[in-house]
Amino acid sequence: MEAGEAKSKKAGGPRLCCICNQRRPVLKRPKTLQQICRECFYEVFEEEIHQVIVVNRLFKSGERVAIGASGGKDSTVLAYVLSELNRRHSYGLDLFLLSIDEGITGYRDDSLETVKRNELQYGLPLQILSYKDLYGWTMDEIVKMIGLKNNCTFCGVFRRQALDRGAALLKVDKLVTGHNADDIAETVLLNILRGDIARLSRCTSITTGEDGPIPRCKPFKYTYEKEIVMYAYFKKLDYFSTECIYSPNAYRGFAREFIKDLERLRPRAILDIIKSGEDFRIATTTKMPEQGTCERCGYISSQKWCKACVLLEGLNRGLPKMGIGRARGGINGDHTRETKAGSKSIETKQCGSLDF
């Protein structure tokens, strides 16, 4: 017995949580590599997000805030944590769930069932808008026409505008999304690879669109994806984990794999990439696009027509590749002749029925 006790004492005994020094650790934090217990993980995870909200003054008491809810891990954890912090710290926010139905059979229809359960679990009102109602097309119909190449361009453009239109319907003051640190690091890398100076200059901003109708906030800007997964797992949150069936060849996927490789070698690489993006300075001689509004639907655009209207015009003319790639002369040109000839005009669609 004495020999056993001496051996245990020599070995230092069981390892304890490096924060509370009372309980045994159950995980190693991907961000800091600290070995901590479950209770301390909950506390530091939630407190870090709270500090991001407070330091960046993301919200004001009395604001109506829509949470972009897809049913996935990021938006589900965001809805749960924001509900908890709103109650615990008396933010004074009215929270809503806002979901977009892209019309992807076997994927989005299933994930929306998760969102509907979250509505009941968290007691948050839910608003669902569909591509079909807004644009007259589902993603299934778009992919059937254009194939699997460039389909993410259509979905990304339509989804961004659909979220803004949903937020306008809910009459909210802010829209929050579950974009995490991994997502932002990927976006920095993608914008460098594409030479997209305009987006590079704003992709690390925690709040965007402040000069527009509804600002967007990213409370998870410094939160690692792995920690979000761990939090959802330990809290037993109800979320949908299947990847989109149309995105396996998305360009972003290559950047994601590169970021994951960097993280394995150096966990802090994700935050360092974000810091690099924040510190980029655009030369004064670089010509930046001027912000305006789309002549067709009134949405924010640096061209005569916003990207969504250009893509829709191509779909409705049977020329889906018309809006893919960099803008060329003629895309936003006169379309009266085509409309008179019998092709559909997006002016008859619901896109543009809301003022921004």
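A Cβ is built for glycine as well, from the same backbone N, Cα and C atoms used for every other residue.
Taken from TrEMBL, the feature ATP binding site applies to Gly68, Ala69, Ser70, Asp74, Ile100, Gly178, Asp183. Taken from TrEMBL, the feature domain 'tRNA(Ile)-lysidine/2-thiocytidine synthase N-terminal' applies to 65-249. Taken from TrEMBL, the feature domain 'Cytoplasmic tRNA 2-thiolation protein 1 C-terminal' covers 292-322.
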Which of Ala69, Ile100, the listed binding-site residues, has fewest other Cβ atoms within 10 Å: Ile100
Arithmetic mean of per-residue pLDDT over the domain 'Cytoplasmic tRNA 2-thiolation protein 1 C-terminal' (292-322): 86
Binding residues Gly68, Ala69, Ser70, Asp74, Ile100, Gly178, Asp183 (ATP) - maximum C-alpha distance in whole Å: 19
DSSP helix/strand/coil residue counts for the domain 'Cytoplasmic tRNA 2-thiolation protein 1 C-terminal' (292-322): 14 helix, 4 strand, 13 coil
Cβ atoms near Asp183 (ATP binding site) (within 10 Å, other residues, all chains): 21
